[in-house]
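Features reported for this protein in Swiss-Prot:
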- 323: active site, proton acceptor (ACT_SITE)
- 21, 22, 26, 173, 175, 323, 350: 3-phosphoshikimate binding site (BINDING)
- 21, 99, 127, 175, 354, 396: phosphoenolpyruvate binding site (BINDING)
């Protein structure tokens, strides 16, 4: 599927983007492990999250759909958990394109008294899994990576009784941290994870939401097992990573006034807001979540202008806006001066090499980009030219450059854009209302 965009005058009105991908994965897993029935609302019915939900069904959780998004899947459902006693799956678990799903499920499966297998698509099968294998094997699991590339999926997991560990992450990774904590729920004793930098804390927040012990002491996070999550209804906020596309679209078109509703405002995810504000974007943020919400959320109104300019992303920001770097690079191209990203080597092992794919597409639009092993410098200020671009099968690349097309001269075509359903089902519809 190819999608098209073209230059527009401004963006007006209000928009509600789909539920948060990171939180939806964790809601499916913890709701599926819990004792009792959890109602989940505003679940992200994308391919990635639906694969995780199906995996929990394979492991014994029961899902009753209450509301579906036509053509996509459940956005509201009740999940009856297995009370920390998953059953052995009858077939290998398909994680599709989702590194989050595979890594988090591996943490849980490592502690289960049966063998299991997980696989994914070609992109997922090239992404590094050794980073979770090492700590989980220290906890007592046996994991075989059977992919064509060393340390890559498919994974064969020989689970069983795990023991607690104290582990220091070699890189800032919320996925690895979460895999260890999920395994730690099954262990007898305290498991701790020390991070080199703060990473998104959705797992810690949802542990508390479901009554699982969780401690945070500076950069060290811990849990004490064995723990039994207790069912607790949850509303998933709108995904700030998906909202970021529209923040940039509105901020870069003078005269725009666009309100994004019920966007997650977790402080470990809002670095994209800080970065855009440093670049000259003007926003009003109104918190709207109740006191007992598992995750904070609110409405963000973005005002367009012609005064965007470059910035340097701070090293401590990188783990918390890693998914937004492609769209921030587009913002940098649309502004004046240099947009600088360093210390972001992790981009090389996302769904695509996002340093290379972002730089390649920007160059095709006429932008001067310097590429480094761990980042890039985007020299902004040159008018963008519409052209045909590849998504490279990467949802965030596809959406970033369709947004770029809203400020480009001529038509922009992004090929193989069906990958957007990985994280944002309905993006095509939302885009169409502004064209």
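Cβ atoms are placed via backbone N, Cα and C, with glycine included.
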Provide, as an integer number of angstrom, the distance between the C-alpha atoms of residue 354 (phosphoenolpyruvate binding site) and residue 323 (active site, proton acceptor).
9
Want to know which recorded positions, from 127, 323, 396, are within 10 Å of residue 175 (3-phosphoshikimate binding site) at Cα; which are they?
none
May I ask which residues of the same chain, at least 6 positions away in sequence, place their Cβ under 8 angstroms from the Cβ of residue 99 (phosphoenolpyruvate binding site)?
124, 127, 175, 350, 351
Roughly how many Å separate the Cα of residue 26 (3-phosphoshikimate binding site) from that of the residue listed as 'active site, proton acceptor', to the nearest whole number?
18
Near residue 22 (3-phosphoshikimate binding site), which residues of its own chain have a C-beta under 8 A away, given they sit six or more steps off in sequence?
100, 174, 200, 202, 239, 269
Would you find the one among the binding-site residues 26, 127 whose Cβ has the most company, meaning other Cβ atoms within 10 Å?
26
Which of 21, 350, 354, 396 (the binding-site residues) has the most other Cβ atoms within 10 Å?
396
Could you state the CA-to-CA distance between residue 396 (phosphoenolpyruvate binding site) and residue 323 (active site, proton acceptor) to the nearest Å?
8
At the level of the C-alpha atoms, what whole-angstrom distance separates residue 323 (active site, proton acceptor) and residue 173 (3-phosphoshikimate binding site)?
12
So, in DSSP terms, is residue 350 (3-phosphoshikimate binding site) helix, strand, or coil?
coil
Count the Cβ atoms, other than its own, that fall within 10 Å of the Cβ of residue 175 (3-phosphoshikimate binding site), considering every protein chain shown.
22
